[in-house]
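A.B. asks: There's a structure below that I have some questions on.
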Amino acid sequence: MLNSIIAGLVAFIVTVLTIPAFIRFYHKAKIGGQQMHEDVKQHAAKAGTPTMGGFVFVVVSLIVSLVFALIFVKLTAAFMVIWFVFTIYAVVGFLDDFLKIFKQINQGLTSWQKLIAQIATGIIAYLVYTHETAANFLNIFGFRVNLGVFFVVFLVFWLVGFSNAVNLTDGIDGLASISVVISLLAYAVIAVHQSRFDVLILIVAVIGSLLGFFIFNHKPAKIFMGDVGSLALGGLLGIISIILNVEWTLLLIGIVYVFETVSVMMQVTYFKMTHGKRIFRMTPVHHHFELGGISGHGKPWSEWRVDFFFWSISLIGSILALVIYFIEN
C-alpha cells in the first residue's frame, strides 16, 4: 500500500512540474484554445484557454503506474486491462482534440468513429479479461448474474456510457477532475479491502496526477483536460468497477456523471416531443445551475458553488456505495 502512496506522490509532483511547460508551449505556438458555450456569459473569458491538459496526467499516470507495478507487484491481467482501456480511450480523445484544435475540424472525430473505437476497445478488454478469469458474472447489489457471452455487451455499454458521461461532466473549471478524484478514492478503498494492490497502484497514480492537474484547472482555469482526459477517465472508472466486480457501485460513486447524462437525454427527448420546449435552461445540467439555479429564476450560480454542490453529491454517493459494499462484504 505504501508503494501506491509513493506512486501517487510521484505522479502529483511530475504533473505539477510538467503542466506549466505544456501551457507555455500552447501559448507560444499560438494554438487555438477551448471553444466555450456562448449562452453562459461567465464563460466568455475562458475562450482561448489551453486544452488537452489530460494528455499530461494520462501519460504521467500510465508511466508512473507501470514503473511501480513492474518494480513492486507483478503485471497482472487486471492491471494490463485497466491500463489498456485507459490508454486507448485517451488516444481516442487525443485524436478528437487534435482534429478540433490543430486541423480546425470543428466536430473532431465523428460520433461513429469514436463509438467504433470505444466498442473495439471494450471487446478486446473483454477477451483478455475473460481469458484470464473465465468470468462473465455481473454483480448487481450483491447478486451475481451470469450473463454468459452477453457480458461483452454489458462491458462495452458500461465503458462507452461512462466515458461519455464524464466527458459531459467536464464543462466547468475543476468539476470533472475532483469528481473523478472522489470516485477513485472510493475505488481505492475497495481495492485495499480486496487486497488488489495491482489495481490500487494505478488508481492512486491517477489520483495524484489529477490533484496536480487541479492546481491549474480550478477556477480560473489555466488549462482544460479536453476529451483526451475526460474520455480516458470515464473509461477508467468503468473498467475498474468491472475488474473489482462491483459494477453496481458506479451508479452511486458516479452519480454525478449519471445525473449529467440523464439531464441531456431528458432535455433532448422533451424538446423533440414538445417541438421546442425545454426542461432545463441548458444541459448538461451543471449549466442549468449556472444560468439561474434549480428554479431557473434565481441568481446565476458561481462556478465554485456549482463545483461544491456536485462534489458534495459525488461524495455522498461514494460514501453510500461504500457503506452498502461493506454491509454486503
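Including glycine, each Cβ sits where the backbone N, Cα and C put it.
From TrEMBL, here are the annotated features:
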type     : residues       : note
BINDING  : Asn167, Asp227 : Mg(2+) binding site
TRANSMEM : 6-26           : transmembrane segment
TRANSMEM : 47-71          : transmembrane segment
TRANSMEM : 77-99          : transmembrane segment
TRANSMEM : 111-129        : transmembrane segment
TRANSMEM : 141-162        : transmembrane segment
TRANSMEM : 174-193        : transmembrane segment
TRANSMEM : 199-216        : transmembrane segment
TRANSMEM : 223-244        : transmembrane segment
TRANSMEM : 250-271        : transmembrane segment
TRANSMEM : 308-327        : transmembrane segment
A.B. asks: Six or more residues out from either end of the transmembrane segment (77-99), which same-chain residues have a Cβ under 8 Å from its Cβ atoms?
C.D. replies: 51-52, 54-55, 58, 61-62, 65-66, 69, 105, 108-109, 114, 117-118, 121-122, 124-125, 128-129, 131-133, 159, 163, 167, 196, 198-199, 201-202, 206, 226-232, 234-236, 238-240, 243
A.B. asks: Ranking 47-71, 111-129, 174-193, 199-216, 223-244 by Cβ pairs under 8 Å to the transmembrane segment (6-26), which is first?
C.D. replies: 199-216
A.B. asks: Give residue numbers and ranges for long-range contacts of the transmembrane segment (141-162): same chain, 6 or more residues beyond its ends, CB-CB under 8 A.
C.D. replies: 85, 89, 115, 118-119, 121-123, 125-126, 129-130, 135, 234-235, 237-239, 241-242, 247-248, 250, 254, 257, 261, 324, 328
A.B. asks: Determine, from DSSP, whether Asp227 (Mg(2+) binding site) sits in helix, strand or coil.
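C.D. replies: The residue in question, Asp227 (Mg(2+) binding site), is helix (DSSP, three-state).
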A.B. asks: Sort out for me which stretch, of 111-129, 199-216, 250-271, has the most Cβ pairs below 8 angstroms to the transmembrane segment (47-71).
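C.D. replies: Top-ranked stretch among 111-129, 199-216, 250-271: 199-216.
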A.B. asks: I'd like the number of other C-beta atoms within 10 A of the C-beta of Asp227 (Mg(2+) binding site), please.
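C.D. replies: Cβ-Cβ neighbours of Asp227 (Mg(2+) binding site) within 10 Å number 28.
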A.B. asks: Could you give the residue numbers and ranges of same-chain residues that sit at least 6 residues beyond the transmembrane segment (111-129) on either side and whose C-beta is under 8 angstroms from one of its C-beta atoms?
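C.D. replies: 77-78, 80-81, 84-85, 88-89, 91-92, 96, 135, 151-152, 155-156, 158-160, 163, 231, 235, 239, 242-243.
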A.B. asks: Report, as a single number, how many Cβ atoms besides its own are within 10 Å of the Cβ of Asn167 (Mg(2+) binding site).
C.D. replies: 27
